[in-house]
């Protein structure tokens, strides 16, 4: 079933991406002549790593999301900066893992295509291949990005697990993404984990009166309180209990039952458009979810890209040239 879904997605993307020129200079197969081995090399690195640690899928997906939402998809989240002043040192990025996969991919590519492939393109490919490794969606990745030189901890302003629907829609629109993209990309939480500190107020003091969030199913809230005590700072919770290692539709089913882990998950029911998209995924048994996810990932991957002579091609992904 997963293989057939990926085939359908790939066919739809060939029609979509080749029929519409990308004015930003990105295209599928940008390196077809200069580094034809690119995708095979990256895929092998990702699959080898995820065979050993399948839970890396969610952090790698988040890494691409976090990169694109700050300064655009320019690989700035990968940079190490003096005194921990780069993006990766910001609180929302402290839980990112898998930087070694980017490093290993870059090192392997430098052996066969030195100075050709950008780190920002590697990250885009890694995010896709991580989903495929989990039998999730596949899509044609547009390449041609160049790497940014700036990474500033003070510029990290990402959508938050505490955000309401108005803030979420505003943040996504600022990146050229609409309500459907918000819902579909939130579906990536099907493989996610959350930590107790992000739930403390929602479970124990939502309005400052020792109460829980009324938008959270009471039975589910009781289960969460057993796992997350008020002072718990370390326990990790599955965002899609029982299915967090599989990229599937169950996230939307949970949200519709008021069992989304974060306030931002519950918020998807607070707007007529986003609620309709959630219910549509359930009603159609997610028949278009894999395809829609790929479409939204391609759209996000066009955010603020550097192309042409802008930026650079880094020699290593952790430092500018």
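The backbone N, Cα and C atoms fix where each Cβ goes, and this holds for glycine too.
As given in Swiss-Prot:
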- 189: heme b binding site (BINDING)
- 164: N-linked glycosylation site (CARBOHYD)
- 205: N-linked glycosylation site (CARBOHYD)
- 1-23: signal peptide (SIGNAL)
- 62: site 'Transition state stabilizer' (SITE)
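Structural mapping of features recorded in Swiss-Prot.
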residue : record                             : DSSP (3 states)
62      : site 'Transition state stabilizer' : helix
164     : N-linked glycosylation site        : coil
189     : heme b binding site                : helix
205     : N-linked glycosylation site        : coil
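If you take the Cα of residue 62 (site 'Transition state stabilizer') and the Cα of residue 189 (heme b binding site), they are about 10 angstrom apart, rounded to a whole number. Around the Cβ of residue 189 (heme b binding site), the number of neighbouring Cβ atoms within 10 Å comes to 26. Taking only the Cα positions, the spacing between residue 164 (N-linked glycosylation site) and residue 205 (N-linked glycosylation site) is 17 angstrom. Geometry remark: residue 205 (N-linked glycosylation site) versus residue 189 (heme b binding site), CA distance 24 Å. Most buried of the recorded positions 62, 205, judged by other Cβ atoms within 10 Å, is 62.
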